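**Student:** Here it is, the structure in full.
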Amino acid sequence: MRSSEDREDSELLPANRPRSPSRSSYDSDDSGLSVDSILEEQKYNAATNETLGLPQEMRYHDEEGGEAGSNEALHTKASSSRSRRLLWLVVLLCCGGWVVAFVLFITQGRADYRTATDELQSDNSGSFSDGTSSGKPLTLQQVLSGVFLPRGHAISWVAGPDGEDGLLIERGEDDEAGYLRINDIRQDGKVNRVLMQKPTVGVDGRTIKPSATRPSPDLKKVLIISNQEKNWRHSFTASYWIFDVETQTAEPLDPNNIDGRVQLALWSPKSDAIAFVRDNNLYLRKLSSERVVPITKDGGEQLFYGVPDWVYEEEVFSGNSVTWWSEDGSQIAFIRTNESAVPEFPVQYFLSRPSGKKPQPGLENYPEVREIKYPKAGAPNPFVNLQFYDVEQGEVFSVDTPDDFDDDDRLIIEVIWAAKGKVLVRTTNRESDILKVFLVDTESRESKLIRIQDISELDGGWVEPTQSVRFIPADPDKGRPFDGYLDTVVHEGYDHLAYFTPLDNPEPIMLTSGEWEVVDAPTAVDLTRGLVYFIATKEAPTERHLYRVRLDGSDLTPLTDTSQPGYYSVSFSDGAGYALLSYQGPSIPWQSIISTEGEKTTTLRIIEDNTDLSKLVAQYALPTENYQNITIDGFTLQVVERRPPHFNPARKYPVLFHLYGGPGSQTVDRRFNVDFQSYVAASLGYIVVTVDGRGTGFIGRAARCIIRGNIGHYEAIDQIATAKNWAQKPYVDESRMAIWGWSYGGFMTLKTLEQDAGETFQYGMAVAPVTDWRFYDSVYTERYMHTPQHNPTGYDNTSISDMAALHNNVRFLVIHGASDDNVHIQNTLTLIDKLDLASVQNYDVHFYPDSDHSIFFHNAHTMVYERLASWLVNAFNGEWHRTANPVPDESMLRRLAKRVWPGFAH
């Protein structure tokens with residue numbers, strides 16, 4: 001804890017005890033953060049007292065000097081005159097003393113009154129990354145408007161009709177080059193062919209403007225998507241059109257239902273058909289005919305075919321498709337989802353009508369209610385089954401998997417077509433700690449359990465529902481006598497890349513190993529040369545570099561510069577001979593197209609260098625970032641500290657902790673980023689600290705899995721321990737420490753405040769928090785907590801329930817979107833009820849109508865961050881100390897009368 005000599009000019013109070021309301025705000029040890037707040041205070045005082053800078057006890061003369069009961073009967077005229085002269089002398093002395101004290105106050109290292117425009121001494125003693133010590137102040141509006149976001153290009157690679165590698169799709173408004181065109185990297189990016197000449201196309205008197213395009217594999221047709229309407233996070237409905245490249249004309253996907261809203265459409269690998277979903281039913285349109293064939297007929301509100309329901313879209317596939325064509329186009333695999341047993345949760349919309357339907361006359365003033373099939377922890381899950389459709393026979397069929405989990409205990413997390421009608425299917429139990437891999441043969445209609453792993457016995461952890469398995473076909477001439485597949489497995493406590501061959505072999509060839517992890521591996525495979533490309537954290541958990549390794553596990557080679565900190569992502573061409581390499585930080589991001597055909601990569605073209613961003617950054621004063629480690633209970637955790645541009649180690653700075661902290665997540669990394677935390681550090685002048693505690697990703701399974709069954713506990717310990725470490729630093733004001741987060745970070749904010757009980761953190765800001773994990777969806781929650789039926793004590797412990805502990809904080813803020821379909825408002829309302837029952841009042845709450853989890857409706861996103869910033873300023877200014885336990889302010893004259901007449905009451 002900080003010693004008293006740090007602040008000898010003011011009274012030291014416990015961080016969890018509000019100041020007496022009788023004390024003046026001028027001698028509060030938490031007053032005065034910024035010039036703006038001082039000016040606002042002065043405006044208020046001018047309006048109420050008509051005098052600035054005087055102690056409140058000295059201001060009553062201008063307002064109440066002649067008020068009845070002001071003691072004039074006790075004094076003669078002469079004594080009154082002497083008293084006035086004496087009083088003015090006291091006033092002048094007080095004013096002078098106050099001014100001197102104020103000057104000393106702001107020159108002795110207090111960070112309260114600093115704003116971005118103040119000239120502070122620059123610290124040149126350290127070497128920190130990406131800071132600029134001079135320049136214009138960063139504004140919140142600039143951060144929110146995205147002016148500091150790097151420009152980036154998402155390349156859509158496409159395989160040529162004859163197997164050509166290095167082709168990519170470009171779309172633009174250049175009529176001369178063509179609106180949608182194929183460029184050939186092998187020919188220096190020259191246009192290989194034009195698919196759409198113009199950015200619009202006419203169909204039966206309608207002008208169609210594409211919002212997205214999907215060329216067929218043979219590049220003779222283009223699927224045009226228009227009139228998109230968002231459904232959930234990844235899903236949408238739209239109008240679909242088939243565009244013919246040769247004639248430059250288009251027709252509806254379903255000529256007999258032009259206005260039907262389509263949820264998904266996928267090309268056959270042979271380019272001769274399109275599978276699509278409408279109203280939760282799966283259809284097939286062969287291009288040889290205008291006829292649309294229904295594959296399923298009973299889809300609707302309870303049954304989904306080919307598209308996921310809410311929970312599978314959100315928590316398993318992170319996308320809008322559960323439909324897969326076989327490589328030869330002869331079969332379609334798809335998931336049937338039965339939601340009939342899943343309870344509904346109502347989401348209300350008071351200002352908007354997401355359904356697009358107008359209410360009946362007289363019902364305009366009632367909210368629209370959207371009933372969502374949402375399985376909460378412990379509630380019935382949707383039943384999922386894998387089905388197949390034989391295109392030639394027109395038959396839907398299933399293949400029994402006798403060793404699979406029961407319907408109410410099964411999650412299908414990945415489906416991969418292999419060769420000759422074989423399919424790899426990965427499933428887990430409901431609690432996601434037992435993995436089963438099946439090999440399904442659609443020709444013999446038999447299945448085989450080829451791999452099973454009990455992760456709970458291995459390390460007490462869980463299986464993440466990733467979709468990264470890659471089929472490797474046999475090629476004896478290339479040293480691959482059997483089919484196989486690549487998968488990420490747990491190996492010696494870390495996630496590593498494994499090669500299983502033949503398909504039914506449960507013992508893999510390990511391609512990587514060590515105290516580091518592969519990330520969504522493999523990224524690409526060069527089947528000709530037998531090379532696997534992947535991104536990994538081999539250099540540091542906060543970095544991402546590109547590597548390659550041979551299929552026998554030899555010759556692991558970095559392909560990016562590992563001598564410098566770096567964070568890279570990559571997008572490969574179909575044959576893995578070319579790639580879009582994206583450098584994302586810590587310096588200004590850039591993108592280049594590289595060739596991987598030699599022993600070393602070759603840069604073919606820089607497609608983005610973000611020169612404008614580099615010039616913009618040079619004009620602004622941005623925070624420095626200090627990356628370091630902290631060891632807690634034997635675990636090494638990653639920390640980044642953002643310091644104000646003019647950091648002065650002789651000053652005392654407030655500290656804001658920012659976190660997300662969800663299982664497997666990462667917030668501390670080396671990407672370039674100018675965000676809300678940057679604004680807080682650069683323009684509000686606070687230090688911002690982020691620590692990825694236990695439970696987060698890329699630091700090994702032991703640190704990640706320790707949280708299972710009791711999420712929030714160890715994560716809070718790590719936040720508190722790190723905060724205590726920072727509180728001891730000579731440049732930190734330990735009496736002004738706050739923490740904030742959104743979603744899981746909102747939960748962690750409240751859990752940390754609850755566990756800390758005001759000892760370290762005084763303030764917190766929680767946006768869209770989970771407050772009881774029984775309220776969140778089953779697939780996510782049970783992966784980390786088991787079911788409530790199996791772990792009732794764990795759920796009790798993780799809920800925000802200790803109101804006395806929250807009361808010990810100075811104040812906290814809770815924000816929630818009223819129409820959040822992800823983290824329901826039920827969470828915050830339940831917390832408020834607990835606070836009410838415990839008579840806890842030291843909090844603020846703000847709801848945003850019709851906003852979902854991202855809080856965007858009607859300017860809400862800007863308002864959220866403005867609210868967070870202003871609330872934080874008030875916190876570190878000491879406003880929440882001064883507003884605690886408010887009492888009516890009696891007149892100065894009445895207080896003077898009480899001093900003169902101790903018995904005065906009225």
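Glycine residues also receive a Cβ, built from the backbone N, Cα and C atoms like all the rest.
In case it's useful when we look at the structure, here is the feature table from Swiss-Prot:
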- 1-85: topological domain 'Cytoplasmic' (TOPO_DOM)
- 1-11: compositional bias 'Acidic residues' (COMPBIAS)
- 21-33: compositional bias 'Low complexity' (COMPBIAS)
- 107-906: topological domain 'Vacuolar' (TOPO_DOM)
- N338: N-linked glycosylation site (CARBOHYD)
- N629: N-linked glycosylation site (CARBOHYD)
- S743: active site, charge relay system (ACT_SITE)
- N797: N-linked glycosylation site (CARBOHYD)
- D820: active site, charge relay system (ACT_SITE)
- H853: active site, charge relay system (ACT_SITE)
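Each of the listed features needs to be described in terms of its position in the shown structure.
**Tutor:** The topological domain 'Vacuolar' (107-906) scores a mean pLDDT of 92 in the predicted structure.
Sequence-distant contacts of N338 (N-linked glycosylation site), defined by Cβ-Cβ distance under 8 angstroms and a gap of at least six in the same chain, are Q302, L303, P382, F383, V384, N385.
Residue environment of N629 (N-linked glycosylation site) contains 12 other Cβ atoms, counted within 10 Å of its Cβ in all protein chains.
Residues near S743 (active site, charge relay system) in space but far in sequence (CB under 8 A, at least 6 apart, same chain), listed by position: Y660, G662, V767, A768, P769, V770, N822, V823, H853.
Residue environment of N797 (N-linked glycosylation site) contains 15 other Cβ atoms, counted within 10 Å of its Cβ in all protein chains.
Within 10 Å of the Cβ of D820 (active site, charge relay system) there are 22 other Cβ atoms, across all protein chains.
Cβ contacts within 10 Å of H853 (active site, charge relay system), excluding its own Cβ and spanning all protein chains shown: 19. Under the three-state DSSP scheme, H853 (active site, charge relay system) falls in the coil class.
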**Student:** Work out the three-state DSSP category of N629 (N-linked glycosylation site).
**Tutor:** strand
**Student:** Distance check, please: Cα of N797 (N-linked glycosylation site) against Cα of D820 (active site, charge relay system), rounded to an integer number of angstrom.
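**Tutor:** For N797 (N-linked glycosylation site) versus D820 (active site, charge relay system), the Cα atoms are 25 Å apart.
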**Student:** Per DSSP, N797 (N-linked glycosylation site) is which: helix, strand or coil?
**Tutor:** helix
